[in-house]
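Summarising the annotation, TrEMBL assigns transmembrane segment to 165-184, 196-215, 351-369, 423-444, 450-468, 531-560, 580-605, 1008-1032, 1052-1076, 1133-1150, 1156-1175, 1242-1260 (among others). Among the features that TrEMBL reports, domain 'ABC transmembrane type-1' is placed at 316-601, 1012-1295. The domain 'ABC transporter' feature in TrEMBL is assigned to 668-891, 1331-1608. The region 'Disordered' annotation in TrEMBL covers 938-960. According to TrEMBL, the compositional bias 'Acidic residues' annotation covers 945-960.
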Amino acid sequence: MQTESPHQFDLWLLFTSGYRQYANFVSTGLVPAAFLPTSKTCRNQEGWGPLSPVRYDLTPCFEYSVLFGAFSVLASIGFLTRTIYLKRHGQLHHLGRTAWIYWPTQISMTVAALVAWLLALQHFNSEPRSDIFIWGSIAMGMSWIFATLLNFYEHQYEIRSSSIIYAYYVATFAISVMILQTGLDLPETLPRILGIPTLAIFAAVLFVGFVFEAWPRGSTQVQQKSGASRYGKANLLSRLTFFFLQPVINISLRRTLTMQDIAGQLQEDMKSRVCYKSLSAKWNERLKWKKTGDGSDTPSLFWTIMRSNGLSLIPILLSRVAIVFLSYLLPVLLKLMLGYLDNYETKPLSYGVKLAVGMLLASLGVSLLNTYNRFQMLLLGVSTRSALISMIYRKSLRLSAGSRNESSSGSINNHMSVDADNFWDAFVSLSLWISIPLEIAISMTLLYNLLGWTMMAGVLAMLALLPLQGWQAQIYESMQDEKLSAMDQRMRLTTEVLGSMKIVKLYGWSQAFMKRILVIRKKELEALRRIGLVQSFMSIAFISSSLIISLITFGVYALWGGPNLTPGKLTPEKVFVSMSLFAMLKGPIASLSDATTTTISVLVGTKRIQDFLLKEEVNELDIIRFNNLPRDPEDPVITIREASYSWVSPLHDAPPLGVIDENTALLQESGSVSPSAENGGFTLQRIDLEVKRNMLLAVVGRIGQGKSSLLSALIGDMYKLEGKVQISGKIAYVPQQAWIVNATLKDNILFGSDYDEERYKQVLFASGLEPDIAMLPGGDMTEIGERGINLSGGQKQRVSLARAAYQDSDIYLLDDPLSAVDAHVDKHLWDHLIGPSGLLGNKARVLVTHGIHHLREMDLIVVLKDGEIEEKGHYSDLMEARNAFYRLIKDYSKMERRRSHSTLKLQRRSSSAANVFVASEGTNKDKQALLVETDASELSLPSSDVDDEGTTDLDTSEEEELGLAPPQVVEIVDIKRDTKAELTAAEKMKEGEVGFGVLLVYAKAASYLNVVIIFLLFVLAQGCLVSTSLWLKYWIQKTKDSEGSQPPPLKIFLSVYAALTVAYVLTYVVVMWLGLTVARIRAAERIHFQLLDKVLRLPMAFFDTTPLGRIINRFSSDMFSVDIRIANKTMDILLFGISVLSTLLVIIFTTPSFIVLVPFLLIGYWAAQACFLSASRTLARIYSVSKSPVYQHFNESLAGVSTIRAMQVHERFIRMSEDKTDLMTNNFLSNMSSRRWLDVQLRLLSSTVLFFAALLAVLGRKNLDPSMAGLTLSFAMSITEEVATLVRNFCDLQNQLVNMERILEYTELKTEAAEITSVRLPPNWPSQGRISFHNYSTRYREGMDLVIKNVSIEVRAAEKIGIVGRTGAGKSSLTLALFRIIEAANSQLAKDSDNSQVSLAYIDPATGQRMTAGGSDRDLTLFDDEMDGGRIEIDGIDISTVGLETLRQHLAIIPQDPTLFAGTLRENLDPFDELEDFDLWEALERSHLKDFISSLPGGLSFEVSTNGENFSVGQRSLICLARALLRKSRILILDEATAAVDVETDELIQKTIRKEFSDRTILTIAHRIKTVMDNDRILVLDKGRVQEFDSPSALLKNEESLFYKLAEQAGEV
């Protein structure tokens, strides 16, 4: 009897590489039943197989040997390995075990092992006996015994189902069913396999055990107590299908998701600290191997990351290989399917159905495994990103002075937000370098079996395209590096400008800085344009390559593919299987481009991080530190012996450009030599000093002599060149410019320490903060804005002092903290905190000071000059010595001759109560005042405590806006608490889908015409692509119809095919060029311009209430989406959308019955994307909102790095950074998990499309042309990946549009008034400098209290006006009103620029509640609503009618906080580049800076570092003076201009102002009373109202006047 053999060549090729004799024999189609040889090992007549010669199935010997035996042996090894791993590395959860799951699974495994051995016994007793059946069954039984052992440990160490046991259940059940089916299907001519009932029992036992193993465990006590994430609890199937995310999807369908809904999704081993420890250990290990000298080998961070993740990468890469093999099983099955359809009469219908089911299973296997593989690589990438962020953050806290100068905040931010962020999907792209060669090799092998040697033509064509790959990699890397470098520059300048917006607005420099930013932006976009050009050209190699290769291959085959180089015959099997292979080949070739660009981006970014991590760190050994005080109380706590320090690394021969030694004398005597020239770059030299416990030491000296540097040296910020420094005890540090974190006032003071109520109250009193807390809206729980924006300068300094005092340290380093407070506050701080009788009286205190009024009480005074200790000793000793200190005191002290008179006056007044007014800016500058009854001594200073300079610090802050109180007493009953005390609201998160309007805005920016042309070109390109397939189908049919006659000429076939291919290639290149180099660049340029233009013109209230990190996020990561991702995603959507549509049309055209399924498929696709978007939109927004705090905290830490290091709280800040990073990662993973959930749903639907296309082809085989079926199935095979990619890109685009939406949110805010108006001003306006306030009132925002109330004053031309008043009197508000930083109350201009009334519906990401942004904090009073805010006139012109830029550029100001920007000194003086060098040098000479600037490398071209850090505060003040001199305005405002300079520099500035501005109107906000004593008139403000306005002499005649009291305190009367 003869039996027909199946066509099995392809499966044979897939599963084995030999057995030629067998293959040749069975190819005849006739196989005798007893032909095959038998042996003792395999006595079955079908032999070893693997394919049966008489059935469409595997042989029993193959099933028992490979599937039963070898597979169970491998499983046993896996079980033992996993058991050993758990014993060695696992952690017991100690939560018990779930008995109703554990015992049934243990019993079922044991029974399964016994049944398997029973099966072995039956085979042993059978005749003829096949040994392989016996050993296979024994091995299966043993594997289940090992599984019971593993299950015992899994329940102790894990809370979820064991993945390996879970998978083994499924596999062995499927194998047992296959063997059972084989036994039942054996022909009657062959002996049946024994043990069929036993096999059935074995399968049943496995099924029961699997049910218990797979049962959801969410309700078990073990999982409920574990606190693990959803992913951590999910079993294998749930992880493969992402069903564990279904509860989140369900919630999103009912309501908007919140952070609480996705909290706790981050696994413990993915938290930042764990990831950091793993990667850091490997990196430190590599650093130890670092070589030095010539040929040094720098450790590679990239390969360190690879090694760190080595063990995790192995299973991921192996699964990637498995995906490739499973993917190429589909074209093998397609060939079998087409062979069946071409010869269906000889095969049963069941064969075709099995092939359709096989295609479904293969597609499902690829889909699930691919999604799971991508997610595992995502987890690996996210872990690496978290580790890198932690490493960057830690490194930033350890940078040396030189490294900090080289690395700006913006560039370090880019390392975190861009370079590290590249790693989240890096492993997906990196794994392509393994899968791509494998896919190409398999494709070529299968093509060879189809087309023979002619496939080499395609190989050669592909090889010819490979050099382009190398060229692209080389070019792309340099371009990417150029783009990132330009982005670093742009972000550095943007960050600096936005951080100093008040100064930018006061100077009217918005347009100047905008131009500078846009110049850098142009360079960035030019690099991006060239990248797009390369990508569009390389599309020939990567997108069109498969079509080019197919053209060449089919052309060569059609010409010479037959025997003896005769024309080859194109059949449906050859063409459409080849087309499927070419289509599959298109994936890896096209992925080459993405893999290359992503790999290069990762390599470049990693190299940038590596360079940063290799930067020089502070040398911890420079200072010998002991945490405890010396045992002997007489031993010093600070010992400095012959120590020399520098800000320049000793490794550098000369100071690099951009670094100035602080000891460079600013006010050098004529002919003197720069100290840096004398001492070779030393900042401090030969310092010899001891500080004992309880000692109060003062460091004094002129500007630039090294006072602050001495403290920097003590905290380790400088390079120690020689000497010895030893510190014993805990240090607290108060910097000159107070560093305030964005937290509550209480948190700022506690600074991470435990709360001690008694200590806390003592500190509040000693630092004079109790009255401030009483008036804050939320008391000490009031949120302090970023950079302390809602505190005055004095309050910030007192908070900084309170923070240091609360730490109860042993050593206090105080860098001029008293310069920023009023005289009475100065005395309070001295008496109760700093001085001998203060809270810190028993501590060692090193006080840098510019004042001299407390020097008598010092234990030791150190006088610094040119970086050396010129004198040291007690006050009396130094005065007796009559050297530099004596001259300093005598030259600038007027107090001695007034002391007696002043003392008597003050003592007479000491018995009466004095009203000390303390104020603070409330939320959003909502000014509130409170009068506090205090002891008279706080106002009446004894003679010994009055400033020996004859000065009193009145108010040093730009922000102190509340007034001097009239005599009355207000009792503090209780500290207020206000739940609305937050200044900085949580970042807004909109709800619902991203509006189509957002995409339209992007399309408009890219040009509607460009978008339409791109769409039409995509349609044309896809038409050409489909036409090539239709042409091939047509040609096959024509060739088949002409059999036996003259075939159609090949010239026509090849010409048309080539023409269609060339048309496709050219069209695609053009569309890529238009999309990536024209439309994308145009959109990026315009959107960035709109954002920058809008943000620079927003009112100051916006910057006061919005964290800088949140704004920067718009310009960095959000803008990155606009630059690259939105365009790329849109292009992909158009490409795959048109491709999927054409595929469905082809399937419907060839198989009309398929149209019945289309509605169901469309509903499925719609439901999947609808469910996904309901969750993904919110998840993307939650993630976006959680990014800003990471960067905000990072910026905040960089600003206070010296304080963090000095006080050794870096570990706490690292933990804070890790917590914020973990929250961001948790939200990111939830967002990405939703994408994988969508991926699974889409792939399942696409697999359904393929299955039904194949099944309908089988069922309609009698009426279906095989060539049409081939065309349909080849397109259907591609639809799986295309649909998944299409919907994934669509959803990705939605998420990227969230970033665009965030940008548009800012572009829709209201701006300030117009910068330029049509009002025609008189020539040289203002020519006189007359200023008139007419009943003027103003507030900081609509709905707030008035800060200036009904002011009506007239300032005459060239008049000098001194403005005085206590904290919060409205002094700075008056100047802000003059510059129109704030507008007149209730004016239309104020309302038009008020964003508090902009109602934006959004969702609070924390609570999910619908909120409305904006609205007044409280209702205005009826009086406020009806009042007219009045007006200000300059030379008779109402300034509200003048453009803001015009107004501000016609006024001059020397602000309290002298601010410099990164760039050249010339750009800092003349940002509009309007002046000649002569003018600049003249201004520098008049401001006493010419000699100093001339000594700098480059002179005017000298590079100023970020925030002017390479200039001292005093030097910056003089540069601001030079700016005022250059402006030549008739009106000059001095806003606390000398607050941060010593008395000598103060005197110098005042002389310069009196000389150079003698013919100009000057408004001076008084810092020291004597600076305004010679003014024409004095304006005394109180609570925003004018209290006194007259000449100093007239006011001093009235001893009851407020001005007289202030002057009396200062010793001026």
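In case you wondered, yes, glycine gets a Cβ from its N, Cα and C as well.
Worth saying up front: this structure is predicted, and the values here are computed from it rather than measured.
Remote same-chain partners of the transmembrane segment (450-468), defined as residues 6 or more beyond its termini with a Cβ less than 8 Å from a stretch Cβ, comprise 335, 440, 444, 538, 540-541, 545, 548-550, 552-553, 555-557, 560-561, 568, 573-574, 577-578, 581, 589. Taking every listed stretch (351-369, 423-444, 580-605, 1052-1076, 1242-1260) in turn, the largest tally of C-beta pairs under 8 A with the transmembrane segment (1008-1032) is reached by 1052-1076.
Mean pLDDT across the domain 'ABC transporter' (668-891) comes to 81 in this model.
When each of 423-444, 531-560, 580-605, 1242-1260 is scored by its Cβ pairs under 8 Å to the transmembrane segment (1052-1076), the top-ranked stretch turns out to be 531-560. Beyond its flanks by at least six residues, the transmembrane segment (580-605) meets 302, 327-328, 330-331, 334, 418-420, 422-423, 425-426, 429-430, 432-433, 435-436, 439-440, 443, 446-447, 450, 462, 465, 469, 472-473, 476-477, 480-481, 484, 535, 538-539, 541-543, 545-547, 549-550, 553, 1273-1274, 1277-1278, 1281 of its own chain at Cβ-Cβ distances under 8 Å.
Stretch with the largest number of CB pairs closer than 8 A to the transmembrane segment (1242-1260), among 351-369, 531-560, 1133-1150, 1156-1175: 351-369. Listed by sequence, the residues of this chain that lie at least six past the ends of the transmembrane segment (1156-1175) yet keep a Cβ under 8 A from its Cβ atoms are 248-249, 251-253, 257, 993, 1144, 1148, 1234-1235, 1237-1238, 1241-1242, 1245, 1248-1249, 1252, 1283, 1287, 1290-1291, 1294. Packing against the transmembrane segment (531-560) from elsewhere in the chain are residues 447, 451-452, 454-455, 457-458, 461-462, 465, 468-469, 472, 475-476, 479-480, 483, 566-568, 570, 574-575, 578-579, 582-583, 585-586, 589-593, 597, 1025, 1028, 1032, 1050, 1053-1054, 1057-1058, 1061, 1064-1065, 1068-1069, 1072-1073, 1075-1077, 1080-1081: each is 6 or more residues past its ends and has a CB under 8 Å from a CB in it.
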